[in-house]
Amino acid sequence: MNLHSVQTWFTSAVARKELRPIDIELPRVLHKLAVEENALCWLLCALVSHQYGRGHSCMRLSELVQAPEYVLGFALPNELRAVLVETDLHTALQQCAWVQCIEQPEAPIEKPLVYFSGALYLARLWKAEHSVAQAIHTRIGASSSLRTADSDLPALIQRVFGEQSTTGIDWQALACAMAAQRKFAIITGGPGTGKTTTVVRLLAILRQKHGDNLRILLAAPTGKAAARLTESIAGAIDRLPASMQTGIPTDVTTLHKMLGVRPFRRSFKHSAQHPLAADVVVVDEASMVDLEMMAALMNALPEHAQLVLLGDKDQLASVEAGSVLGDLCKGAEAGNYNAATLSMLQTYTAHDLSAYADSSVPDVSKVYNQATVMLRESHRFGAESGIGNLARAVNAGEIYRTLPKTPRSDTAYTAESIFTAFDDLNLLAPEQSGTIYPTEFAELRKLVIAGYQTYLQVVAKGEASGELDNTLSARDNWAKEVLKTHRSFQLLVALRKGMWGVQGLNDTVSEWLQSAGLIARAVSGTRTWYAGRPVLVQRNNYTLNLMNGDIGITLPDPETGKLRVVFEQADGNIKWVLPSRLSDVETVFALTVHKSQGSEFTHTVLVLPDELNPVLTRELVYTGITRASKQFTLVAAKPSVFVDAVQQRVIRSSGL
Ligand SMILES: Nc1ncnc2c1ncn2[C@@H]1O[C@H](COP(=O)(O)OP(=O)(O)OP(=O)(O)O)[C@@H](O)[C@H]1O
């Protein structure tokens, strides 16, 4: 293998879209800075960049050598495969001008690539991962100002949670006790398990202990998630004992805003040099926080502050590299508590916790378990809820084509049986076999028109009403009503491309709604903006304070009749934006599951394509299902694709 042959292969791999142009640009730029003629270094450099683009924070060389196709998502030519197998990669990397091989994680980093413990990293990702791990270890080692010995804590916990449960372990009380005593804690759990309720009770306790001077910051990764948390925090405060309700903030900001975004820069205003003015920081929807953002957050925390992460470990990982919450929560089901943690938690429950002790050889990765409590009972989706049962069965991988003789648990179903067993679930599969096109799927058309016409009727009602006149509150109330009704129904899709992807389905749905007279008919196919058009913000826009993932609806401004796009801000206020100011938006009748994270819709419809694809995974299906609050419909051109998707897992390489 010589450099020329590797470069020729690079060019063809980019043409086949296996590598991104930036993946091969990286070794070229590095070569200009430090000449490197070793073809293997060029190859590994491009591949680690490719892996970063796919969300991995590192590339494990032993896995690459064993199963390159599985690791990379495409096949390497035999010649390159052979070189990987035959070369001592460790030695080759030690000789590479771009790679710093380190034995100790504390070693200062001066080169653009880092090789540590069998994994190759882009230096930026290595630094982020190392700083997150180090910061968490330090925080877990140091207790908060409410120490184990603090005699008030059991009484305070009893005050907010009531008497200890006699029927089972009250994991919420344990999570609260854990988070009150650690400078770093994770409260994880599925939808409706009480993460917000628990953290509000924690804040009430901390307020009681530290008084009004305690500075609390609440944040979420997207504007939509922040708005949802604002709402649920207000509800949880109402359920606190009256004497503890005051002084708990309800303003939730986005992480970007909290850290102080600096346009066109990677760094934030708040950092170790200029830490956040906070004593307690709570971050919701932490599964969406990527590695570099987590590093920035840890870096900006004052040393004394407590950080509490809330999130569902089983959801899809962040869009950018890393799967921080999933990595930190590995083993959370089992508890894996060491003797000290177990004894601390045992103070807060009369139930024996020994089943959650770390029974195997303690290893360093279980450090994170000492700061994690998993909430296990959904108070929103109980035993009778189809959404809850479906989510649990999917999460356990217990959805089958035909039921096995010995399913792993009593919650096993076939794809058909679970949808017929519950009223809040619906399966839409075409009756005829063979290829079906969405455009010909009459049942889907009926469902979509019925679903979207609710908010489009509110749009039309406001347009026709002369009563909106010019009063600000009247037009904002109309916009709020439109946005609220819009959240009652949403089509989710797994893919971007193809007839079952975002692009194809957006076109199909637009056509259906036009022909039903619910939205304006396109003028020679070029009309982009029309009343009722829902749009998704594709990129953070700090000038307009709109975040990637925010959804707005196009409405005619009652004052001028001109079209504007309305967005609900985290504080509940409405923003009216000129369409021409929105450059990175797309129609969102169909929304990808990735972008739906942090949102909830009354009736969620998940549309799966007619063929299995690597993107279709258990985590994706689970995330789609758990976006539904009251009704869930699965649209499956082939139900077997649903069953197979549940067996595919997202695996991201990381050193955490
Ligand atoms: N211990 C409890 N007993 C009874 N109801 C509870 C309990 N904890 C939470 N709930 C109720 O369950 C619902 C969901 O609670 P909460 O919003 O705290 O859960 P969550 O895990 O934050 O949900 P989400 O999935 O929205 O993140 C709320 O209506 C809440 O009042």
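Glycine is no exception: its Cβ is also placed from the backbone N, Cα and C atoms.
Keep in mind that TrEMBL annotations are predicted by a computer and have not been checked by a curator.
These come from TrEMBL:
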- 16-121: domain 'RecBCD enzyme subunit RecD N-terminal' (DOMAIN)
- GLY189, GLY190, PRO191, GLY192, THR193, GLY194, LYS195, THR196: ATP binding site (BINDING)
- 588-635: domain 'UvrD-like helicase C-terminal' (DOMAIN)
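This prediction places the mean pLDDT of the domain 'UvrD-like helicase C-terminal' (588-635) at 93. The Cβ neighbour count for THR193 (ATP binding site), using a 10 Å radius and every protein chain shown, is 23. Cβ proximity to the ATP site centre (mean Cβ of GLY189, GLY190, PRO191, GLY192, THR193, GLY194, LYS195, THR196, cutoff 8 Å) flags the following additional same-chain residues: ASP312, LEU375, SER378, HIS379, ARG380. There are 22 other CB atoms within 10 A of the CB of GLY194 (ATP binding site), with all protein chains counted. Contacts of PRO191 (ATP binding site) defined by a Cβ separation under 8 A and a same-chain sequence distance of 6+ are given as ASP312, SER378, ARG380, PHE381, ALA391, THR626, in order along the sequence. Every protein chain shown contributes to the tally, and the Cβ of THR196 (ATP binding site) ends up with 21 other Cβ atoms within 10 Å. Neighbour counts were taken as the number of other C-beta atoms within 10 angstroms of each residue's C-beta; across the binding-site residues GLY189, GLY190, GLY192, the minimum falls on GLY192.
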